[in-house]
Amino acid sequence: MVRLREIPRTATFAWSPGADSPLIATGTRAGAVDVDFSNETCLELWDLGLSREDVSGELQPAAKIDTDSGFNDIAWTESDDNKRGVIAGALENGSLDLWDADKLLNGSSDSVISRSTKHSGAIKALQFNPKHSNLLATGGAKGELYISDLNNVANPYRLGTAARADDIECLDWNKKVAHILVTGSNAGFVTVWDVKSKKESLTLNNVGRKAVSAVAWDPEKPTRLVTATPLESDPMICVWDLRNSHAPERTLRGHESGVLSLSWCTQDPDLLLSSGKDNRTLCWNPQTGYAYGEFPVVTNWTFQTRWNPHNPNFFATASFDGRISIQTIQNTSTDTAKAIADQNQALDGEDFFAKAQSQPQVSSFSLPKAPKWLERPCGATFGFGGRVVSVGLTEKGSRTSTIKITPFEVDEAVGKSTETFENALKEGDLRSICETRATNAATEEEKADWKVIEALISENPRKSLVDYLGFQDKADEAADSLAKLGLGKDEDVNGEPAKESRGPGAKKHKRLQSMFDANPEGDSFLSDLAASKGAKTNNPFQIFNGSESEAEKGITRALLVGDFEKALDVALKEDRMSDAFMIAICGGQKCIEKAQEHYFSKQTDSPNYVRLLASIVGKNLWDVVHNADLSNWKEVMAALCTFAEEKEFADLCEALGDRLEEQVRSSDEKSARKDASFCFLAGSKLEKVVAIWIEELAENEQKAIETGANDTTFSIHVHALQSLIEKVTIFRQVSKFQDTEHTKDSDWKLGMLYDKYIEYADVVATHGRLQVAQKYLDLVPEKHPEAEIARNRIKLAMRQAAPQRTQTTAPATRATRTPMGRPMPQPSAYQPQSTFAPAAPAAPNTYAPPTAAPNPYAPAAPAAAAPAPPQPVNPLLPHRRMAVFLLLLRANNQSPATVTTYTTATNLPAWNDLPEGFMKPPTSRRATPATAAAPITSPFPNQSPPIGHGPPPPGAPPTQRTPSVPPPPKGTAPPPRMSSPLAGAPPMASMAPPPAAAPAPAPPANPYATLPQSPPMASSMAPPASIPRGPSPYNAPPTAPPPSNRYAPSPAAQAASPQLQTRAPVPPPPQAAASPYAPQPMAQPPAANPYAPSTPPMVAPPMQQGPPPPQAGGSRPSTANSQRKAAPPPPKYPPGDRSHIPAEAMPVFEILSADMQRVKSRAPSSFKAQVDDAERRLNILFDHLNNEDLLKPNTIADMAELARAIQARDYDTARAIHVDIMTNRMDECGQWMVGVKRLISMSRATP
């Protein structure tokens, strides 16, 4: 709440009508005494200047005129004859004065319009008709009620003729029916008048005829109104429906003293202001009786409050402390008030009184829903994933809305083409995709790209690339040339030409082997030759004939001994190249390479094909790639496809493409870019070809825009982007591309492609194709910052509700019930058996559920009664008697409960019920001590008393009847709980009672309050019986570290006393004063806690000088060695990361975090530490969910059900699931379970 302005007057006031800058008219309140004891009375007009930021200094009146009497009421209405309207004043001397507001502001001396003195006494109230602004109703002493017409003020007419002894204190015109008026008197009469017929319609049956100080009509329902009583003994506001005038429909109780003023907001009937003698101004929902909260408290009575008629964001409140406060209904932080409080704390001594600043008490609140004038009747917004969310009223005039989610696509063609392409990919027909895209290509470059990709799909990609370059036809032409030279003909032995075969495939064999295909005797040649191997020929020769040169002799000798390498050296030395090649063929690969090297070294001025041949033979195609003229790039590419080794092919293609790309940059020759793209495609260099494609994308997009196509710029860009993504996708599949940089966190070679993937994913996601978007985002490195954000959005948009948990029969640990009466003792599953019964620990059990539900409505409890004097221990208790007691106790547990004095809860929805959700405990300045309730013998009022033997010991508290408990607030009752074993059994007469204990703390009045700690018990004394008390959902966790054994009792239970001492009976637990607004306590005792140390059987512990030795396996103080544990493995993801939470666990994170934020925003600031601790523990749970560790799938499903129960405010189900998880799955629990438990309690206590 922001206090915008303050008018330093004790005066009644009225807001100016109309939409102009708001003004306020004030009239000195009759009977009020100013600070300076001045008796001056006047009418003043104030310009609030709400548009001004500078609010320093005190407001000064814009106009002022003295009057001869004080004001009881004032009104301001619009008028056709007066520019700024007419102001009417109800004066204490019985005069009705009218002023022209415009003349007052201008300082004119004739601002008084008229004066009427028809009233014989003081005029207490007046109001202009909201439908007819010329009609003015005035009411005052002796029941006088007049209706005046501004056109004839001197002749008003009176409603009701009989003289009355009571005074009309308030009146109000009906907001829907113009001729209906209601009045309230100090005698308790609430009368409805029909002004048209000038008679009384009906009188409400105001029980007890309590005085009425204010009345107000419902602005929308003409039959509903509210009344207020100024009595300090019974302050209340009654909501009436004229259709049942015998009793109020609802009573609103929140004020501590009489109510003096009401103001019902005309723009929102769910907002009602009330102010009164308790110095407070409250805001209500009169439709439900719920009190939203309280505005800052002042130091004296607040006698008038009014909404601004035009802008209800503002309202004003007048009080007898000499101020009229103009405030907003919006809540803001109280940093200023805190700063002043801190400053005052630093002052001491006389400086405090000299320098301390006063600040009104602040009690801020926020409206749970927006006021009606701020509500949007309709609205729409675009949602991620191709959705439009629209909101509209179900019917005109209602406040219920319908939410619709409809699919939306910016460009339907994008969605259709995306689906078509993805379906084609699933079918795997890549060739048809390439053919279709090549046919529909808009540019030659795009068509060439698709043709090359199509060539790469074939079984022999290199041959297909050569064919695409056009070298297949050139090879055929070469074969034809050989045929023309005669190399293609052959003759048989008879000299006749061979017959050629000219079949369909004959053209394919026009190389050297084709010369033998036409010889019909070719197949028998080898067989004939083999048959003639042993035949002698008539052709003798000499190895040496004497005419040989030395070189020839050396070659011959080397050949005879098989030394081909020496023979080759001689031939090369003599430059006999033909002989050298023949010898090299016989000598093997080494000789061949030597001959080739010698040959190429001699060919310095040889033709170009020789250099090409040298590169091919030497397997060094880099010379061709780096040095060949780029005009012959196709020939170079053909050579690479034909002769390059597989491991070098990609790099050779990249080098050739780089040369072509460099040529594009140096000469700006765009045609070479297509050639470079071919090389990069052939070499499967995606990072290089993508850069070209992205450059082409921008150029093609610009051309399409310049050509004036009908498509929008968005559609043009998306289609170009889609074409790029399709080419990249097909190329990756064809080339089997593997991204080796997917794990890097920066400096990616494909960085530009990743950006396009992210952009395309966003486009297809906005068209509703979330699966496709996720597919392409998965191709982007995980550590890409923009991709991570996009993935999270896609993941959230694709999340699915967790499967519903099958409802099965609840295990016994979750819903164990006992017969009505005293609960059965339940042995702990983790308590070791011992013949020694230790004293119950004095420390509270942090895992035990509370013994009673917190009561946010109960007043503070009184101090407990003084404990009874101690009683000596009887060490001679017979064992037989104790056994009889245990048998009787067990039998009593199984017997039905005795009849208790609980009041039956009622649930009346409308009449005479109390306001829901609001009952403020009295403040300290008006608090009165509550009367202590009678003590009870058991902490559970409906528990049967145990059967004892003999009269109670002296000094034992007498048994008294449990006081009746009023009905609970609306809502279903929580399920019954189990009780800890024998936690509440009273001491037997023959047993040694526990020692006297200090009074236990009372249940807190504030649902967020931290419970005061109990005084410490003696180390060896048993604690008193359990006391039902309401725990605060914001209590901090126990600070003491838990024992190493999670089933061991708390540290307080481990302390042993050297000697037992005398004990006294248990003092009765303190009970809060019976509150008529408190909810009814639970009918069943609280559930047993399987993790708490079990309470020992109810037997007197034997006398001994020290504790017994610890049992084997029991809890021992942990040593340094036992506390050393292996360091846990590092988490998979850093704390706070929520992007990897699986879909089935997402509801847990979303619902619990949202509810935690709701609680955090509404919890009292004094409990910030407790709320932050609960939030920290919930974040531990979310980290486990994000890392997918600790929690198993069934536990995650249970947690999802628990979250949905919290969302539905079904806290009993949520707590039952929580207990079940803690009971049966302790290995999955940790610190986060305490946070979940706290959230359940906080959420239940937070409105």
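Each residue's number is its place along the chain shown, starting with 1.
The backbone N, Cα and C atoms fix where each Cβ goes, glycine too.
According to Swiss-Prot, the feature compositional bias 'Basic and acidic residues' maps to 487-502.
What Swiss-Prot lists as compositional bias 'Low complexity' is 798-823 (among others).
Marked as compositional bias 'Low complexity' by Swiss-Prot: 837-850 (among others).
Feature annotation from Swiss-Prot assigns compositional bias 'Low complexity' to 921-939 (among others).
Residues or ranges marked as compositional bias 'Pro residues' in Swiss-Prot: 942-957 (among others).
Residues annotated as compositional bias 'Pro residues' in Swiss-Prot: 964-978 (among others).
As annotated by Swiss-Prot, compositional bias 'Low complexity' applies to 979-991 (among others).
Swiss-Prot lists 992-1006 (among others) with the feature compositional bias 'Pro residues'.
Under the heading compositional bias 'Pro residues', Swiss-Prot lists 1030-1044 (among others).
Residues or ranges marked as compositional bias 'Low complexity' by Swiss-Prot: 1045-1064 (among others).
Residues or ranges marked as compositional bias 'Pro residues' by Swiss-Prot: 1078-1111 (among others).
The repeat 'WD 1' annotation in Swiss-Prot covers 5-47. Counting residues 6+ beyond its ends, the repeat 'WD 1' (5-47) has Cβ neighbours under 8 Å at 55, 58-59, 61-78, 84-85, 87, 89, 91-92, 99, 101, 104-105, 122, 303-304, 306, 308-311, 314, 316, 318-326 in the same chain.
Per-residue pLDDT, averaged along the repeat 'WD 4' (163-203), amounts to 93 for this model. The repeat 'WD 4' annotation in Swiss-Prot covers 163-203.
What Swiss-Prot lists as repeat 'WD 6' is 254-294.
Look at Swiss-Prot and you will find 297-337 tagged as repeat 'WD 7'. Residues 1-15, 17-19, 22, 24, 26, 29, 32, 34-35, 48, 50, 260-263, 265-268, 271, 273-277, 279-281, 283, 359-367, 371, 373, 923 of the same chain lie 6 or more positions beyond the ends of the repeat 'WD 7' (297-337) yet place their CB under 8 Å from a CB of it.
DSSP places the residues of the repeat 'WD 7' (297-337) in helix, strand and coil in these numbers: 3 helix, 19 strand, 19 coil. Sorting each residue of the repeat 'WD 4' (163-203) by its DSSP state yields 0 helix, 22 strand, 19 coil.
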